[in-house]
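Record features (TrEMBL):
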type: TRANSMEM; residues: 76-94; note: transmembrane segment
type: TRANSMEM; residues: 158-179; note: transmembrane segment
type: TRANSMEM; residues: 186-210; note: transmembrane segment
type: TRANSMEM; residues: 225-246; note: transmembrane segment
type: TRANSMEM; residues: 311-332; note: transmembrane segment
type: TRANSMEM; residues: 371-394; note: transmembrane segment
type: TRANSMEM; residues: 435-456; note: transmembrane segment
type: TRANSMEM; residues: 476-500; note: transmembrane segment
type: TRANSMEM; residues: 528-556; note: transmembrane segment
Amino acid sequence: MQVRSLGQENPLEKEMTTHSSILAWEIQWTEESGGLQPMESPRVGHGLVTKRQQYLPPRTRQLNGTCDISVDMELFLHYSLIPSFFIILVLSFLQRREQHRERDDTYLLRNHFGMIVPLDFVGTFSNRWSYGVAFGATANKIMFLFSEGYQPLLVPQWAQAFVLLIGGIEVGLSHFPFFACLSSEFGLVSSVLGFSYSLVWFVVTTLYIIQCPHGQFVGNYETVMFYWPSLLCLAFLLGRFLHIFVKSLRVHLGWELQMEEKPFLEVHQAEHVKRLLRKYPLQERNKSWFQTRIYEWDPYFQFPSRMIGTIVLAFICLYLFIVIEFCVFVYVRDELDVFEGELESYITSMNQTGSPVLLQVKELINITKEVWVVTILPASLTCVSYLFHILACYRKHIKRLWAGDKHFLPLKFHNPSSSESVVAIARYSGWQIAYILWGYLIIHVMQSLCGLAIMYSLVLPVIHHQALEMLRGLGIGILTVSIVLGLMVLQVWIATSFFLQPKMGTDDKQKPLALNNRRAFHNFNYFLFFYNVLLGLGACLSRLFISCVLGTWLIARIDRTILQSGYERADMGFSAWIGMLYVDHYHTNPVLVSFCHILITSHRERRLQQTIKYWYLNQSAGPRLSARSRTRWLLLQTLINNPELVRLRKSRPGLGSQEFTQILLTCSES
């Protein structure tokens, strides 16, 4: 989005335009004296005041003109790649490669420069909230990409996807040190690097907020409203890295024992398997209403770090999206105020006063603004409840898969493609956040339309002293619908009473599907055939209405498809959800992980026993024997105990093998 500023260019124009372009609305205001710069506090240029600024409060105009910015957040994002690459290089040098070729030993690098893993998206259950907060620190930049504000190069429209891909990679590289330092095995070095990098981001963000705390739409502390979640996440990371440094330093000085390496089998997974092996009690304990209807905590289940990070980032992005939407609403509201003023001036110039059209337009604008503001809360609460519900559905679905139950899935998803599942786990987190954001906007629009319908059908008639007419129309409508529903219920009652045979047993819940009074039944069908044609029209419209309402209401939920049976594969979000579930099921199933843990532990124990046995042989008292002599002695003992192996040995001429074999055969026969 290109917008002209008043006077000289603000260095934060690229960064702050995301707040108004997030809804993909191009807000442009062009006049003879200049234009409007969105979502930032522009500097005072030539003292020009546009017609729109006349309708702004004086305090807001004053705040907008006292901003002196020396920090460009987008430019800082580019330059942050330099320390990011340095940190990645240091951690990669410390990381040893587990598998390397023998010829690499002749080189200077040896087995250094291993691959750094920022986060295990499949099997990480430790340090989950730290990873979630690290994801939260990226929220502002993700919203920047979400608004397609990342355009460092002028490229044609068809190449925008590549530009956004480059922007995503750049944001990932700039925040890579947060995750790499949290997951690194080298606590001292990684904590120092992570603390320094987080401190730089914290200082730059704080400096940016201090220099320009106010904004043009919300007014006081508008920038603080946008950046306080990132500041809070960065402050948490500073404390976390400080804690890692202190703990690593105590281990290095010998004040604490070295922590064991990451266990292959987590504690909650082992406890889950133990619970499966225990006999269930005959009587289950009583559950509260909250445990039955809302959520029941399971001590033997933990959400992976990917789910925690997704939910934390979704919460912060949803908050930023709501604030940005409100800023856009403020802008549109001011534009509507300008439109009302110009309309009044036009009508006054035409010597027309009190035009009914003008009053109706004003009433529509005012009601729309009020309804839009009021529905922000229910729309946001709906999306917040969806985020919690997604966690509950994830636990329920993954437990069903662990138990081998796939009946809750469509038949086409019982055996998904392995490649699609691997891609799905990479897509899920990003798609879930995008679905929540767009779902909030769609739900907000739908609730606003419902609010307008309620206002015009129920509230405004009362305000305009037309309550009796409203009640009369409402009563006629309710009566009509009641009669239609009553006739439908009457058809069911007649069919139950006259056209079905009696129950065959006293314990039957309903009558059997066996016709009775066939002649009357055929006449019943014939005469109702023509009426049901008309009734079917209303049923079709109700089907369309219910589908639209449920589709828009559930659009933010990836865990449930909104398409009909047989068309589920066309729902890409639901496919990503199913693929993610299968990857977690195959890689984090507690029974499978426990079995692999037993195999690995048994293999290690056998190797340890063999090592101890040979260590005792090497440390035995007396003269030392070479390994070759000991091997020959063991071979001789084996051949004496197993004479049948003597005939199977290959003899070598000239080395006395035949005489040796003959001696062994003689000894074995005697």
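Counting starts with 1 at the first residue shown.
The backbone N, Cα and C atoms fix where each Cβ goes, glycine too.
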Remote residues contacting the transmembrane segment (528-556) - C-beta distance under 8 A, at least 6 residues beyond either end: 382-383, 386, 435-436, 438-440, 442-443, 446, 484, 487-488, 491, 562
Cβ contacts under 8 Å made by the transmembrane segment (225-246) with residues that lie 6+ beyond its boundaries: 19, 130, 133-134, 136-137, 139-140, 178, 181-182, 187-188, 190-192, 194-195, 198-199, 201-202, 205-206, 208-209, 218, 316, 319-320, 323
Within-chain partners of the transmembrane segment (371-394) [C-beta distance under 8 Å, separation at least 6 from its ends]: 295, 303, 307, 311, 314-315, 318, 322, 325-326, 329, 432, 436, 439-440, 443-444, 447-448, 451-452, 455, 553, 556-560, 581
